[in-house]
């Protein structure tokens, strides 16, 4: 075989040029106009791997399918979910939560802390129902001689607490230092020296006696006016003088007495009229619940609280 034949037997690769492969744009990625590769490197959308740590500012994006076209980058907003890794802040709602309802009576009573014990001695002389209010109003006056201070107390029927205390006038004396009434103590010293009975009539009465006396005060008073030269007239009952003072509008002194019968709380006060000094006015408070004691032998004469024996 000659050299020509050997040349013909060797395949000639360059004799037939293969057809060029068709070039088409990549269906997976197209550089949008106006963007550079550096812009895509900084974009968080390219780092979809779960091994990459989330950014504290951008968060994490789950793996998703991105659609592109020749005009640019198309992103399906429904497929992208933003997850914030920071814990949510729970702020108290100022609108949805109902406001707590305030108890007006309790707030007023607790803030003012009203109490009837103010250090002075009072005597209740009346009570009535005020128009426009369901709570009763009680009236008190100071028991100190020649003190005209009064007060009215409104008490809640529901809770039994004092809602309002209104004072009228001012005290012209210091507060009592003990539980004894100042007026009764002074009168007791005078009576002990004159009557010599040795009893301390200045002590406070028990709670039961005080309540019974207030109930008797609510009963209608009986006023008897007669003309006499003596101050105390004999009505059949026995009395003990426990006080005397000058009241407003009458220069003649008023004397106070109480029945000496055990368990009887009837009281009376005697004074001469301002217009007619010969006229004696006797006012009874309460009713006797016992019979008239047996009269003593001989004429009975009570003058200025003294009993003839």
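Residue positions begin at 1 at the first shown residue.
Backbone N, Cα and C define each Cβ position, glycine as well.
For the ranges 123-166, 167-210, 211-254, the feature annotated in Swiss-Prot as region 'Disordered' maps to 167-210. Record note: among 1-24, 25-48, 1-24 is the stretch given as region 'Disordered' by Swiss-Prot. Comparing Cβ neighbour counts within 10 Å across the binding-site residues 171, 290, the minimum falls on 290. For residue 259 (Zn(2+) binding site), the same-chain residues that are 6 or more apart in sequence and have a Cβ closer than 8 Å to its Cβ are 237, 238, 239, 240, 265, 266, 267, 288.
The Cβ of residue 142 (Zn(2+) binding site) lies under 8 Å from the Cβ of 120, 121, 122, 123, 148, 149, 150, 171, each of these being in the same chain and 6 or more residues away along the sequence. Here residue 264 (Zn(2+) binding site) comes close to 288, 289, 290: these same-chain residues lie at least six apart in sequence, with C-beta atoms under 8 angstroms from its C-beta.
Per-residue confidence over the DNA-binding region (228-293) averages out at a pLDDT of 88.
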